[in-house]
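Can you keep this structure in mind? I'll have questions shortly.
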């Protein structure tokens, strides 16, 4: 770990420093004025109002050639690609009658659920009121109406059977008008969750609001029970408008704390009252110590695949289970367990990848690290040891979209060697050897270098959504020939709006330092002149498995800072970031807060060498993990930064969630990694903030990175008698996302930076 040296000033040095400070204060403000252009610069108001936001188009597939889409006037429209038929399946007046903001069509197309009264809970979860509309009769279903608010609701894959979660218990309806059947009875607020994840699983493992899955034929329903009874509670005040604040309590396991106890059950929904839920056994090698459930995939109507992780998270076990009619139980034989282990870090990327099963319901494709440490697609038929590697190279496969009888569609960053690009590829798996084709590499090449896709069930048709670097565009394609059929959304209105705007120039390049290569994105002011000197703002996230340097379009706060204020912005992907191989990724394993910071400092020095950066006007800012890195960079004692901002920063990994902290740091125990947990805190660097201007920001109702983190930083700075600025946002969560708070936040940060850089208002 880097040694943090304390600088001692003598009397002469102090006098010289005082003189420098006086000179800086007296220096006149600077105004950035792009010349020779009649276009206007972006304004902060443009950003806060979302004036230049873009649209995407994702079809809601209901068959191989049919999909639904919600129009701009909120009609739900049916489309048939082959017949070119389109019509309104549900009118906006019906939507408005219950103030619906979302919908879901039953697979038999007889009913639609309408979602209203959306109330956000955590990152993915929310509650809502649901109404069922009968399309054939043109009226809402009356009798045995759904309770409110519901935590999650979904249709079965066939017919119009539905399951929902209410007050942490799961209920089943065979038809929308039927009385509900209660499947679970153990649900209790903040203690036992059925069919929905608790806080830590939602945020750090599943990344969903649900934890239940229908079998393909709708016969079985699998669900997870999370028991949080023994988990410590995080409590914080929500001030509201009342005389007394109320207390929010969340079971929240921090590093080293007791974790949720998870059990997976499957219930036969055809006769749920005859045979209750059946528990699926945990693999022995996992059950012998603390473990996590990581995902569930239905393979066929009577075969299911479960994934488990050891608490240390370097060993993952994939277990394939079959329904035994004679036992009326689920059997998970040991010879159907596949183990994935990392010897250099943690298993998988941010999450362990999920399998994409073949038509035979036995073999599957999965992304994991090859012998060279790059994540690639492998074909597993019997054991992981005998896996056949499908892709290879010093790049990474990102995601498998679809596996059909003769094709596999996936995304990667292979093309032209840019880690921050995404293209869609097709592998013809019926051929020997398999042949590979890049579907998107040469489509609108200048405009589109970062794609995702949405496929119909058997990939007969698919939509491509390009996110940049030019204006986003969504297109429909034939899955057999890859030919473009139709442009779904091309953002023409946005294109016209931007014609009179001075946008900055964006460059994505790489810099080398010793044997390391760092990719960076630099946003340069309009009419950029290399012979001049510009202030520099580093925007950092830097967390493990993250990526900031991406070829995507954006008009946001940093775009404004470059366009209007003449600030050069740089984003750098240092060690620990994703999609450049395990050696680069796992460099930060068990030592967070070291290389992420060092690599930002290295990049700043390289940028100064380019000749157009004003060394006296360099700042850094970040949010969440980025707030942690920006804080440590400011306290590095290098003198590179004049000022910086940390929004909702982690300040100690002992304060953060067990699943996340332990994945990258191990356990905070003496016989594991307690020493680095203690050494890597922001508080340990409090003395080194003396010579920088530091703005610390946090929401008081942050359920993710608790306000405790910033409170401890502030306490350490006060104890060290270090001056700093702070801003808190009452009742705001991790995103500080309410309109007025967000406006205040970005206005305040802008004023801080302009003062730091001596820029005129």
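Each Cβ is built from the backbone N, Cα and C atoms, and glycine gets one as well.
Computed from a predicted structure; not experimentally measured.
Sharing the features that Swiss-Prot gives for it:
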ACT_SITE  624  active site, charge relay system
ACT_SITE  702  active site, charge relay system
ACT_SITE  734  active site, charge relay system
BINDING   203, 204  substrate binding site
DISULFID  321-332  disulfide bond
DISULFID  438-441  disulfide bond
DISULFID  448-466  disulfide bond
DISULFID  643-756  disulfide bond
CARBOHYD  49  N-linked glycosylation site
CARBOHYD  92  N-linked glycosylation site
CARBOHYD  99  N-linked glycosylation site
CARBOHYD  227  N-linked glycosylation site
CARBOHYD  314  N-linked glycosylation site
CARBOHYD  679  N-linked glycosylation site
TOPO_DOM  1-4  topological domain 'Cytoplasmic'
TOPO_DOM  26-761  topological domain 'Extracellular'
TRANSMEM  5-25  transmembrane segment
When the number of other CB atoms within 10 A of each residue's CB is tallied over all shown chains, which of the disulfide-bonded residues 438, 441, 448 has the maximum?
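Neighbour-count leader: 448.
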What does the structure give for the C-alpha distance between residue 643 (disulfide bond) and residue 624 (active site, charge relay system)? Integer Å is fine.
18
Can you tell me how far the Cα of residue 441 (disulfide bond) sits from the Cα of residue 99 (N-linked glycosylation site), in Å?
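With distance taken Cα to Cα, residue 99 (N-linked glycosylation site) is 42 Å from residue 441 (disulfide bond).
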Show me the subset of 49, 203, 204, 332, 734 whose Cα is within 10 Å of residue 624 (active site, charge relay system); these are the recorded positions I mean.
734
DSSP on residue 643 (disulfide bond), three-state: which is it?
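For residue 643 (disulfide bond) - judged by DSSP and reduced to three states - the answer is strand.
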In whole Å, note down how far the CA of residue 92 (N-linked glycosylation site) lies from the CA of residue 99 (N-linked glycosylation site).
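Checking the Cα atoms of residue 99 (N-linked glycosylation site) and residue 92 (N-linked glycosylation site) gives a distance of 10 Å.
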Can you work out the mean pLDDT of the predicted model over the topological domain 'Extracellular' (26-761)?
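It averages 97.
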What three-state class does DSSP give residue 332 (disulfide bond)?
coil
Return the residue, from the listed recorded positions 49, 92, 99, 227, 624, with the maximum count of other C-beta atoms within 10 angstroms of its C-beta.
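Of the recorded positions 49, 92, 99, 227, 624, the most buried by Cβ count within 10 Å is 624.
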How many other Cβ atoms sit within 10 Å of the Cβ of residue 466 (disulfide bond)?
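That number is 26.
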Out of 314, 679, give me whichever of these glycosylation sites has the highest number of other Cβ atoms within 10 Å.
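Its Cβ has the most other Cβ atoms within 10 Å: 314.
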Measuring CA to CA, name the entry from the recorded positions 49, 203, 227, 756 that ends up nearest residue 314 (N-linked glycosylation site).
203
Which of these recorded positions is closest to residue 332 (disulfide bond) if you go by CA atoms: 92, 204, 466, 702, 756?
204
Quick one: which of these recorded positions, 49, 203, 466, 679, 734, have their CA within 10 A of residue 702 (active site, charge relay system)?
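Close recorded positions: 734.
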